[in-house]
Every structure is written in C-alpha cells, then in structure tokens.
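*Asks:* For reference, the structure I am asking about is given below.
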C-alpha cells in the first residue's frame, strides 16, 4: 500500500470551530486634536475612516486566525498531520451605506456612513442612529438639550439627556454650522462607555467636554427633532466597536479533558504504528523470494530496512488514523446545538410569562459545564430580589416613619411607593415637631437626582425615566409628600410644592442647578448644588451611610446616633438604605471651589480622579436629615431554589454592594444562612477600626484593618478545622465586607481565605465592587480549580459573569448588559434549578456517554486492522474495503450516537429536581474520568479481539458454495459485519431510556449496512462505481455458507458477554449491600436516589428481564391507561427498586422531553 494514500481527500474531514480574536489597538500620544469643518488643517492629522467591519475574518487574517483557533484543540493538530500526508467574509454593506447628513460646501449633503470622517459636522434627525461618536453642538430643543436611547449599548430603555455646550447652541442653523471652527483635544479611543475626557477650544476659550456632551454610535435620537454634532471617533475607534470585540472565549472542562484523551490516543496510535514499522522492517527478507520484494518499490526493499520502517510508519498512520474520532467534534456540536436550541430555549418551565421572556442559550459550547457546577456566585439586587424598588420606610430627625404593614384601603397605591403613615402624608408632616427638617428632607428627594420627567405635568400623568428603580422610587415618594418634581432643563428643575407655607397652598418653585456631582462606585454618593429663588445656596447629598457619616459636621448632628440605630434596624429587615444630608454654602466659598472644579473638568489627565478630589473639598460639614428605606422583595421561588441547589451539593455565594445587615437579612430570607450554621463574620465596623478611622491616618487605618482581618481569618480557620475534625455535622458560613475582603486578597492571607471559604456552605460578601466580584470568582475558579457559575442582572455584574466558567444573565430592570455578556440568559433566579439539575445534568451525562462510546467504537474498529497486520507481515495491507472504512463513522454508526446524545436520560425532569442529590455525580465527575474511559477502552480491545479472531479462525480453510476457500475480502467483510453489529448493540445496552428514535437509528444502521453491502457487492467492476474486483459478489457467497450466519449471532454474543458479566457483578455486589447500585461506579442512578427510593434506570444486564416482562407489561397497559386517563404509554422499563417510600414513584417515566413543556 503506497504511503501517498495519505493525500486522499478522504482524510480532510472534521468540523473546525473558530472564535474571534481581538488585537489591542495601539495608540500614540495622550490626546487627539480635531479640526472641525476645517479641511485645510484637517489634512495634517490622519484618522481612521468611518467604515466598519464586523466579520470574524478578512483576507489577510483568515489564515493565521483560523490556524490559531483550530490548533487550540489537540485533536486538530493530528488532523493537520493527516491532511499534510494525504473567505468570503460577511459584508457590512447595509450598515456602512446607511445615509446621514453632513455639512459639505455650505449645505447638508446626504452621504453614507462610510464617508463620514473625523471633524465632520453631522445632522441627525429624530428616531435615527448616530453614525459615529459625536460631540453634541446643538439641538432643536431649548438650551441645546437632546434625549437619546442607549438600548443598543447597555440595553436600557430609559431616555438619557445630553446637553450641548452653550457656546455652540447656534450651530443648529446651516449657516452657523458652516462657519463654525474649533479644535477638540481629547482622550485616545477606548472602550469606556461612561467616561470621556476632552476640551473644545474656540478661539482663546477652552471649554471642558464631559460624557454629557457625547453622542455615541449605536444610540438613537429620541423626542428631539434633530441634533447637530462634530465627529470625534469613527469606525472601529468608536466606543461601541471597541466594546464588541472584547468578548472572552470559553471552553468547557470536558472539552479540555477531551484534549488530554486525544493526546493519549495519539500516543497509542504512534505506538501501534511504531510496532508495525519495526515489524515490517524485520519481516522483509530475501528468503521470501516468492514475494519478489527486490522487484517491488522501495517501501518493501529488504536492503534498506530503515526506509522500509519509515515508509510503513506513514502507511500505518493512514491505516490506523480512524482510532482518532474525527467525526466526534461534528457530532458533539450537532448534539449541543439541538440541546440548546430545542430543549433549553423552548423549555416552558423556564419561560417567564409576565415579561414574555424564554430562556436563551447564547452559546452551545458550555452545555455539559452546567452539569458540573459546584460554586454559584450571585448578585443580590435584581438577581435574588425583584429590583422593583418601593419607598417603604424612612427616618427623619430621629423619628421612624412607615408602618411596615399592609397598606390600608385608603393608602396611596402607586409603582415605587409602598408607604403608609398618616403622620407624613397629605401635608400632615407640618404638624411634626421637626417640620423644618421634614421639609428639607422632602426637597432633597425632589431635587437631588438625575431623573427625567415625561408626559403631562400632573401627578397622575407624569412618568419618571430614571437610571435605577430606587432613584425613581425616591422621586415618587417626594411627590406624595407634597414636593412634585415635574420639569427639568440642564440648569433648572421645577418642583410643585404643597402645604409648605400653609395647608392647601400650592406653588411652583424653580431651583437653579449649579453643579451635579454624580454617583459612581467609588464615591457611593450623589450631590447637587442648587440655588433657591431667594438666593440661598445649598448642597444636597445622598449616599451610603458609611460615606455620609464620614462627612458629617462635628457639631449640630443631634440625630446621628439614633439614625445609625435606625439604619441597623432597616438593614436587619432587608431594606436598602440611603442617608440624606445637606449643607448651606457661602457664596465666596462656592465661587472659589467652582473655579477648582472647572479646572478639574478641563483636565485631560486623570480627570475623574481630580473631579472626585475636588468634590471632597465641598462635600463636608454636612448636616444629617435622616435616611430612607427602600424595599426590594425576593423573587418568587428563590428560597426553594437555593435549598434545592444546596441539596445538590452546590455552594452558593452572594456578592453584593449592599451593607452587611441588609445582605445578611436577605441571605436568611432566601435560606442561604440559617441559625444552625456556625457563622464567621469579618467586618470593618469594629471599635478598633472606627477609632483608627477617627484619627484620620490612612496608614494607621490600613495597618489596623490588615491585623484585624489576619486575626479573624486565622481564628475562623482554626475553629473550622476543629469543627471538621469533630464531625459534629454543623455547616459553616462566612460573611465578609468589601473593605476586609480587599485586605484578605493579600498574598499572605489569600490561601487562608481560600481554605476557609471552601469549607463554608455559604459565603456572603457585602460592600464589594465589580472588580472585587471578579476577584472572588477567580479565587475559586483558579485557586480551587472548581467549576463556577456567576449570575447577575446589571452592568456591575459583567466582570463577574465573564470571569466564571459559566455566565448567566438575568433579563432584569438594569438593562441587558449582563445578558449580552453571559453564556445563558434566564428571566428568574429560580430557573437555575431547571437549567442545572435538568438540562445541565442531562447534557453532562449524554456528552460523557457519547465521547466514551466514540473512542470505544473507533478503537474496536481500528484494532481489528492491527490484529490483521500481525498475520500479514506488517505489510500495511487493508483488511476492509475502502468504502467500508470510509462509511463506518459516516453511515453505519453515526446516527445512533447522536440520538443518544439528544434523547438519553436516566431520570425525567421531575425526579431530577425532586432528588437533587443526583447532580453530585457531575460535581464529582463520575461519568467522564479515567476509570470510566479505561473500561470503555478495555472492552474495545476485548471486542476487537473477538471480532477478528473468531471470524479468522472460523473462516480459515472454510469453503463457500463455489468450492473456493475464503479469501481476504471474505474474512474482512465477515469481520466488518460483526463489528458493525456489535458496536450498535453495545450502544443499545448503554442507553438508559429507549425511545422509537433509538430503535430506528440503531437497528436501522445495522440494516443500512446490509442494504449497502448488497448493492455495493452486486455492482460489476467498472460499472457506476469504481469498486474493487475482489468484493464483487462477496456478500452473496458469504451468505450461502453457515459460517457467516453463525458468526452474525455468535460474535456479538461473545463480544458483549464481557459487558454482561461486568454489569452483573455490580448487581450482585449491590444486592448484597442492599443499596440498589454500587456507589463508586457511574452506572447507577445514584446512591442518593436509591436511598430516597428513586427507581434505577434500565442497564445492559436487564435486557433479559425486559424481554421477560413484555407479556406482563402488555397485560398491564389497559389498567394503566384507565389510571392515567388514557395518557400515552412510555416505552418498557425495568420495575422500580422497592423501597418503603417509593410507592408514589412506581410509574414509568415519560419519554425524553415528555415532561418538559416545550413552546
């Protein structure tokens, strides 16, 4: 056999999966200079054009990217060797050709987006998208404001306001836009959607540019006739394009283990090829003169044994290449695709009717990973809770308000407002002893925010557009207390105040907004500086309690301690709290501060830090007014879901930005924490740390916190080890806040934190930032090497979602960023039960069985050729016909394993959730490990010996009907028939639930072999197909002998006897132990299930029992139909294990998917 046979196109099979790569953009300099509407100066600077391409490959990058992605899989390196031996990109024409209006030659000219260049002035009309990142110059609305929708960027549907700089308001007119000249100095392109640093220079005037003046590509203009902007970033330099490329590529743990298995099989392949090469070099000799080896080609020249060994090594690589399952990846991808798009996406049990949101598998690569998750990291707000914020209680001037009970019949009912206290409503607050403090409290709620009002300017007709639900709830509360916010411009807000001066009087008051110090995760507060109509200058501030308390004045805060007590009580009740404070400002003090603030806003370097530092200068000496308490109820089914997942062996961590008391209360409410647990609480709110913070020395504070964390972790670790060694059965839990957590990540403490947290059943991390969430996830993912899942609903959860093995996004109230970054999307936390315990477990079991079976059948098929070459002088002679070998994986064994990967299930969905302990098999990886694979491979070797030697010995010297002895192709066809029959029946024995599709594909594949061989062997040589002369009429000669029919029955029986004996031995052991099945083998429905009385699945050794029960089942069908109301009968199954508590389960489960309500 010529080694050039390697070049056959037959060996160029296998599906290649490619993931997009992103090369980081290289930028030079610290800022860019843009000449607006100035073509002469603009030629001195070169920018990227405005056309974009979202294709994964281009003509230049297709080859290197494709090779890189393909060879990340070890198996594909092997495929390359076989291929060596033996683009049309998707167009973005529609987007690039979208029209927009650009100022050219004094008029608005319609051009495609691809022709827009940096420095152009662009006009965008309502309900259209911005073609590039623009600096807003003007709009048709008063004061240069416009409204935009950012849904394509972050999924948020609420409108946001953008305001042009006052100096450019007149650019809305064509003649003014034509004559406008200016220079923009700004940051280099980056992927930060919410920050921008730059200055607009007009003449000698320098104006700072903030994110409020930037219109990003991907956003659309709303409620504004048109807006005019100057192009800042184009094409791939726009922020939306910078974000679309930074997506991590994830591979499942099973797939990575599969790579190691491929390496093992490659070593086996090299080993048998090397044995064959050495054997062929040893065999060739001049003494076999009748073979005429000297007249043959160099491949068999006995005078050059080294060359013979090398050439035959290549020949054997081709001959035995089927040991590597080339079609495995294609089959797995097909199975995963159907699992995701049919079973997961269409599962009605994960469909949320209220929001019309089904489950969504955004990738099919991680299906089996869902069946091995051991750690879940969850956000709290919007994930465990509903994120439907309602104003519930408040504390004003040291007095608590709000009944906290069901609202009375005459109470106000409105979204975001669940407050009932007659002391404050309908103007009754004027009768309180601290009515002036109440008035200041309500004004702060009405003024200190960034909410946009929409609709009629009446309390009934208005609708608030807010960045977060809690901010909208606070403004709605102010309305019901008599301070109705109804209009906003960039510089003013209007509040309709009732009952302020006297009962029944209403007045509209205009407050000038001088500065807005916005909320961010670092500041954890928001401030507004406003001027009253009478000239009063005041700073209103609301934020987290620890942040506000640090900035209170030393004198005059008589409600500080009582408010702190109220905050603790609200936190214990699981409410979200904010502290409210104010300070009156001196005019001169404000003017001096504002100059510094303007300078900070104009800085091109570290602008955000400088603005935060400048805000610190004025946000001080605050006077505390009180605090608010907002209720965010748990989602439906969260406690039950967490309890079920815990029984499945999954450890759940809650990572939240809320205060510790709130987080602990929510953890108790959802059954994550219980009174029976030993809880370790590591908090920065200790007397020692507070005392250090009061001194104001940051070095001393850091030293005290580090020492406190070290002592707490060491003490907790010692106690945890003591409890573990005593075996008292108590569960452990850890609660830690973000400040302590940052010190616990120190390399000296990191290992202790990891060991302690792994011993805990539940962990609650509070006051943590998005970056700390990702660090906690990686601590377990990398440090403990456990399968992790992160779930969240907001933009602050994206880093955590991307850091975990599996990311799940919840379609919530905080936009779609979490969903867009996730691998799977669901509408409610409780759907995790179905996603993990049902679909995840099924996928893991199925894929594990598919992979093991693939290697088994390919090893069995290939070793038969190896055994034959031991008899053929290691000549490299084929034992099978070419078409037989090519169609083995394509036609005769392909469909059954795919059907098993799609439909196989050991228990139905209901019982998988009823007995979640079954899931622990996946956590322990009992279905895909080396012992399991070794059994598959052992029986593959055994069955290959049976399928070769029995036909070989039986056919040795046998004579057909024509009086001729059996030849090579007769024996090869007989052995091929045996191996096709054996591997298909072996798959039937491995199936735990037989459906009609299993029967059709398994028996149909065997029938397909007979149909094919009848047709193929009946075609005369040279007719239709270029068949081998040797196989013509072979099958008909074989079938005329008794040898063939004996082999058809005898070979599969002997080959599969090993499986029967092995499974039977397990049955004997399990019967002796009276546990149903052996605990340490994957062929069980689970030790836990047997203890609970769940019936065992049908196994290979139950075939005889199945057959013997057919009559009993036939007689029982009528009774069962009457009992079930005529429901469709399931396929025959073995009777359930008898158990005192299993009487209710003594029914046959429905067919795969039968209990899943599919859309």
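Easy rule for this one: first residue shown is 1, then count along the chain.
Cβ coordinates are placed from backbone N, Cα and C, and glycine is handled just like the others.
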*Asks:* Can you dig out which of the ranges 814-833, 974-993, 1074-1093 TrEMBL describes as transmembrane segment?
*Replies:* 974-993
*Asks:* Could you check which of 757-777, 778-798, 883-903, 904-924 is flagged in TrEMBL as transmembrane segment?
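*Replies:* My reading of TrEMBL: the transmembrane segment range is 883-903.
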*Asks:* Can you check which of 1000-1019, 1100-1119, 1120-1139, 1140-1159 TrEMBL lists as transmembrane segment?
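*Replies:* That would be 1000-1019, the stretch labelled transmembrane segment in TrEMBL.
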*Asks:* Between the candidate ranges 305-330, 331-356, 357-382, 383-408, where does TrEMBL place the transmembrane segment annotation?
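*Replies:* That would be 305-330, per the transmembrane segment entry in TrEMBL.
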*Asks:* Are any of 519, 576, 657, 767 (the binding-site residues) within 10 Å of residue 797 (Mg(2+) binding site) when you go C-alpha to C-alpha, and if so which?
*Replies:* none
*Asks:* Tally every other Cβ atom lying within 10 Å of the Cβ atom of residue 379 (active site, 4-aspartylphosphate intermediate).
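*Replies:* The answer is 29 other Cβ atoms.
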*Asks:* Taking DSSP states H, G and I as helix and E and B as strand, how many residues of the domain 'P-type ATPase A' (98-157) are helix, strand and coil?
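*Replies:* With helix first, then strand, then coil, the domain 'P-type ATPase A' (98-157) has 10 helix, 30 strand, 20 coil.
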*Asks:* For residue 797 (Mg(2+) binding site), what is the tally of other C-beta atoms lying within 10 angstroms of its C-beta?
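*Replies:* The answer is 32.
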*Asks:* For the C-alpha pair, I'd like the distance in angstrom between residue 379 (active site, 4-aspartylphosphate intermediate) and residue 793 (Mg(2+) binding site), rounded off.
*Replies:* 8
*Asks:* Suppose we draw a 10 Å sphere around the Cβ of residue 576 (ATP binding site). How many other Cβ atoms does it contain, all chains included?
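*Replies:* Its Cβ shell of radius 10 Å holds 22 other Cβ atoms.
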*Asks:* Which entry in the list of binding-site residues, 381, 796, has its Cβ near the fewest other Cβ atoms, using 10 Å as the limit?
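*Replies:* Lowest Cβ count within 10 Å among the binding-site residues (381, 796) is 796.
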*Asks:* Across the domain 'P-type ATPase A' (98-157), what does the pLDDT come to on average, as a whole number?
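*Replies:* Per the prediction, mean pLDDT sits at 86 for the domain 'P-type ATPase A' (98-157).
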*Asks:* Cα within 10 Å of residue 381 (Mg(2+) binding site): which of the binding-site residues 519, 657, 767, 796 qualify?
*Replies:* 657
*Asks:* Express the distance between the Cα positions of residue 519 (ATP binding site) and residue 793 (Mg(2+) binding site) as a whole number of Å.
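*Replies:* Checking the Cα atoms of residue 519 (ATP binding site) and residue 793 (Mg(2+) binding site) gives a distance of 19 Å.
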*Asks:* How far is it from residue 576 (ATP binding site) to residue 793 (Mg(2+) binding site), counting Cα to Cα, in Å?
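*Replies:* Cα to Cα, residue 576 (ATP binding site) and residue 793 (Mg(2+) binding site) are separated by 17 Å.
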